[in-house]
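A.B. asks: So TrEMBL lists these for the protein:
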SIGNAL    1-22  signal peptide
DOMAIN    30-254  domain 'Lipid-binding serum glycoprotein N-terminal'
DISULFID  Cys157-Cys196  disulfide bond
DOMAIN    269-471  domain 'Lipid-binding serum glycoprotein C-terminal'
Amino acid sequence: MDFAYRLTFLFSIAAFVGTADAENPGLVVRVTQKGLDYALHEGVIALQQQLSHIQLGEISDTHSLGFFLGKARYKIFGMNLGNVQLPGFQVSPIPNVGLKLSTSGGFFEVNGRWDVRYSFIHEDGTFNIKVGGLGMSVGLNLRNIENGKPTVSVADCSCHIANVEVHMSGTIGWLVKLFHDAVESKIRQELEDKICPEINDIINSKLSSLLQTLPVETNLDHISALDYSLMGPPSVMANWVDVFLKGEFFYRSHRTAPPFAPPAMSLPPEQDHMVYFAVSDYVFNTALLAYQSARALVLTLTDKMIPKEFGVHLNTNLLERVIPAVSKMYPNMPMKLKISAASTPALNITPGGVTLSPIGNFQAYAILPNSSLAPLFLLEVKTNAFAKAAVNSGKIVGTLENGKVEVSLSHSDVGPFSVSEINMAMNLLVPVILPHINDYLKYGFPLPLIEHIQLSDIVIKTYEHYLLFGANVQYQ
């Protein structure tokens, strides 16, 4: 991976930070010092490679050999950097501003050729320069946001070279020594003048361009999209940087503001992992709202969807004991069950776990020989389902577990019948219905990650109104 992509890992997670002014975020990302240090390590490896590509131009000048001896003309050319080492690089959060990157022990070498002409004397050879004590300080401004996307700019950059040792080959040693100091000074200045512009170019052009490709909105499917826009300028703390994102699902065909607000989240001061994702129940509830707005919270159950191990078929004979009128009016006919949300379900996250309390409509039909549907009855179904969340391939996925079902009769087309009997039957159907719901939930939605990032060592905890995912990262 090239340097800009590696640095994007460091700077984009730092740029994805903000404070919610009047509105709480739906999703918070916290990058700890451990995460910043890892990102910096990856960035330094690439920076060393990038600096080795600095092009040093030809240096030519004259050097006075004394009043009586006149001047010698010299030229230094064909210079190449190599063996770039930047140990001890550090990243420090600067509260309310951004990040400071610094090192004081950099080292690299420059190899090239030299040529000297004095009177009738012509001498040339090779040289090696060992540059030590390279100090760099780069301040990054993360305060600006454009159209919900982060921007990064170099606030300041300084470079200083403490030691330059020039070793030259040549047969006329006295001549080489005469202009040795002049060459050393010019090369030092040339290097110091090149390094900061190189860093500025990387940050201000390549890196900023890459950050602008990060999506503000992610389309999940033909129904919903997820708004990941930043909510404000950076909030940089002493031991971490926090990411405050909108974290709001919306119906793509007709976006409206949710009738509820994100809850306040108070994250614990955990730093065992590189990054933490706090996902509030607001995110999940806006997802439910989006799909309910699209009338997509519907599941149709037919006989083909009943597992063979259940040993039953979904037909009117199944209701012979519970609702005798059904099997009399529509003997041995297949059935279709349409389950839909009567209103937008509410998901609630507490330290004790995640619960979902939907109220649904359960419409039963008999499928007539001509394939038309004959309505049988409509039930209102209430349940408290338990949910579990996980992270799979950078996505938050979920599963629902069995919850107790309570039903009431809303309407009957086959006369009166005992609701208590149906209630028992409905609880038996739950293990059939849940796998089909979980098939949808396994697709999940992506966490706000840049490319080439893999999560590992994931832990999940529940707090009041939010899930907290802790993870380490690997750049691949």
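Cβ coordinates come from backbone N, Cα and C, glycine included.
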A.B. asks: Neighbour count, 10 Å Cβ-Cβ cut-off, for Cys157 (disulfide bond): what number do you get?
C.D. replies: 18
A.B. asks: If you draw a 10 Å sphere around the Cβ of Cys196 (disulfide bond), how many other Cβ atoms fall inside it, taking every protein chain shown into account?
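C.D. replies: Its Cβ has 17 other Cβ atoms within 10 Å.
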A.B. asks: According to DSSP, which of helix, strand or coil covers Cys157 (disulfide bond)?
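C.D. replies: The three-state answer is strand.
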A.B. asks: Over the span of the domain 'Lipid-binding serum glycoprotein C-terminal' (269-471), how high is the average pLDDT in this prediction?
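C.D. replies: The average pLDDT of the model in the domain 'Lipid-binding serum glycoprotein C-terminal' (269-471) works out to 92.
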